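Straight from TrEMBL, the features:
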type	residues	note
TRANSMEM	17-37	transmembrane segment
DOMAIN	34-273	domain 'Rhodopsin'
TRANSMEM	58-79	transmembrane segment
TRANSMEM	99-120	transmembrane segment
TRANSMEM	127-149	transmembrane segment
TRANSMEM	174-198	transmembrane segment
TRANSMEM	210-230	transmembrane segment
């Protein structure tokens, strides 16, 4: 990745990433904080689905702050305009971001499946959820292998190396399509749809079931984001390595953050009830009728 003579006008895609992802990161952090607050008060009820989302949120924040450093060192500009010593640091940041994202997005899906396991007692559905968790772990391990062994030596990802040996890019593209289109989209869609049947079988008022279903169905946004991200697969490893990677990285991080928002949205049940009551959509009588313990914290 050597620095070449500048050709054409420079670009600066970094701010677009930081602004878009910064807004979503703030929203996800607020919902995450609300979820954890509701789970530890008045008594600590944290379960392993909470612990996995805690780790995912830490990694998500790490990704954002690493992205800030990457932008500061030239990410988003054409590499020909960035000095070698700065681009090396930027590439190291991008490599770290990729690792943070791979693990974080996996933990988000595992957290969503684990949350459902706490409430679903049906044997076949539990088998499906455990299978989804297993598939997610296997595919994530596969991506780690691809990242670590795709090119040798590893340092060629962030600094110029005389002799570099890489797998043909078609293997990475095929694995991306199989994992994303074949499994990740299916996992996201299943985790978003599965709770709906369970919710509608609850002996709860219809309006509460509609409210909870709406909150939990936000996971469908992660499915949509994964679909948009797939449009960038055929361009992997093409274009300028500093500027062309901003857009696919932004889509990937949006998918992760929307996933965090989706698994944390049910914690808004009580605040949403209060807002709807003030708007006159819910009556005080209705609010009292749903004040009994619900499966949503």
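Cβ coordinates come from backbone N, Cα and C, glycine included.
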Chain residues outside the transmembrane segment (58-79) and at least six past its termini with a C-beta under 8 angstroms from it:
1, 3-4, 6-8, 10-18, 21-22, 25, 28-29, 86-87, 89-90, 93-94, 96-97, 100-101, 103-104, 107, 240-243, 245-246, 249, 253, 256-257, 260
Suppose you look only at the domain 'Rhodopsin' (34-273); what would the mean pLDDT be?
84
